[in-house]
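Taken straight from TrEMBL:
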ACT_SITE  D94  active site
ACT_SITE  D277  active site
DISULFID  C107-C112  disulfide bond
DISULFID  C268-C272  disulfide bond
DISULFID  C311-C344  disulfide bond
DOMAIN    76-385  domain 'Peptidase A1'
SIGNAL    1-15  signal peptide
Amino acid sequence: MKWLLLLGLVALSECIIYKVPLVRKKSLRRNLSEHGLLKDFLKKHNRNPASKYFPQAEAPTLIDEQPLENYLDVEYFGTIGIGTPAQDFTVIFDTGSSNLWVPSVYCSSLACTNHNLFNPQDSSTYQSTSGTLSITYGTGSMTGILGYDTVQVGGISDTNQIFGLSETEPGSFLYYAPFDGILGLAYPSISSSGATPVFDNIWDQGLVSQDLFSVYLSADDQSGSVVIFGGIDSSYYTGSLNWVPVSVEGYWQISVDSITMNGKTIACAKGCQAIVDTGTSLLTGPTSPIANIQSDIGASENSDGEMVVSCSAISSLPDIVFTINGVQYPLPPSAYILQSQGSCTSGFQGMDVPTESGELWILGDVFIRQYFTVFDRANNQVGLAPVA
C-alpha cells in the first residue's frame, strides 16, 4: 500500500499544472459607453479586427502593428506579478499575439495614470536593455523600452523574461481600459522585436511538464474562468478532446470544413481558415456571409454601431454549426447572442482579409466559452471539447 501511495505521488508530481484564475469584468466598450465616450471613440478609430493579424504594411523589426481597438470587447483578465518583490498587473491572456507589455513609471500619458505602473527601481531582479518597442494603434503608438525580469504566472516563476515597459500610450480612452497590459500566447514567429513569449520561456526552463496550455472561459458573470499552464483538467469539459492540426504556426490557425445553419451551408463552402483567439471577444468572418448571418438572426445596427437583436427571439433562433476536422461544433443562440443589462447584441462581426487560403474567421470568446480549448505546442494542434 505504501508503494502504491508513493507511485501515485510520483505520478502526480510529474503532471503538475498551474492555474491562473481569470476574472470577467466590464469591457472597454462598456466603460466607454457608460462615460459617454463610445461614439467619439468609434468615430476616431476605424475598427478592423483583421489588422491585428495581417498589418497593412511590413513593420520594422521593433515595431508591431496591433490595433488596440481589437480589445474593445474583451472581458476576461488575469493577474501576473513582475519583479522582485512582485508588482501586480491585470493583463489579457491573448492567444492572438506574442508579446508581454505593461505600463511603467516612465509613462506620462493620461492612460497610465489610472493603471498599475512597473517601477524597475523597485525590483532587485530587473535587467535593462537598449531595446525599444513601438506598437501602433492606428491614431497613435504605445512606445516603450524592453527589459528582463522575473514574471510570476499562476505559481510559476518565469525568470529572465523579456517584456515591454510602456512610456507613452495613445488616446485618453485607454484610461478606461479594465486591463493594464497584454500577455501574448501565440507562436514566437509573430513576436515583435524577436522577444521570447512567456510560455516559450516557461517551457524552455522546464517549469511545466507538458508543452501545452489550456483555456476555460466561464459564462458566469464574474468567476470560474482559468488558463492552465502545462496540462489539461478534464473537469472543465465533457466527452473527449478532438484534435485539430495547426495549419500555420504563427497564430493558432486551423482549417474549418464548413459553417452551416439549419442544415444549409452559409459560409466556408470550400473550407476556410480560422484563428482561435482568446484576445478577441466576438466571432468574426468575411463581411458578406456575416451580413447574411446578421440578417438571418434579425440583427440590426444601432447608433453605437452594435448589431442588436430582440431578446425575445433567442429561443427561436437556430444553432450555427462549425465543422472542424470532421467534427461538428454547434453554437446555440444563447452563445452567439450576447445579453447584458436587458439588451441583446449579435456575437458576430464582419471583416475582410485577402489571404491565399480564402476566407478567414476568428473564433473568439463567443466560441471558446462553448468549447474548452487546448493549445498544444508540442504537437502543433488545438484540442476542443464541449465545456462541462
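Please read every residue number as a count from 1 along the shown chain.
Glycine residues also receive a Cβ, built from the backbone N, Cα and C atoms like all the rest.
Distribution of TrEMBL features across the structure.
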{"residue": "D94", "record": "active site", "contacts (Cβ under 8 Å, 6+ apart)": "I182, L183, G184, L185, A186, D277, T278, G279"}
{"residue": "C107", "record": "disulfide bond", "contacts (Cβ under 8 Å, 6+ apart)": "L117, G144, S166, E167, T168, E169"}
{"residue": "C112", "record": "disulfide bond", "contacts (Cβ under 8 Å, 6+ apart)": "P103, S104, S166, E169"}
{"residue": "C268", "record": "disulfide bond", "contacts (Cβ under 8 Å, 6+ apart)": "V256, D257, S258, I259, P289, E359, W361"}
{"residue": "C272", "record": "disulfide bond", "contacts (Cβ under 8 Å, 6+ apart)": "S255, V256, I259, S357, G358, E359, L360, W361"}
{"residue": "C311", "record": "disulfide bond", "contacts (Cβ under 8 Å, 6+ apart)": "I337, Q339, G342, S343, C344"}
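A 10 Å cutoff on Cβ-Cβ distances gives D277 (active site) a total of 28 other Cβ atoms nearby, all chains included.
Under DSSP, D94 (active site) is assigned to a strand (E or B) in the three-state scheme. Summarising model confidence by region, the domain 'Peptidase A1' (76-385) averages a pLDDT of 93.
There are 19 other Cβ atoms within 10 Å of the Cβ belonging to C344 (disulfide bond).
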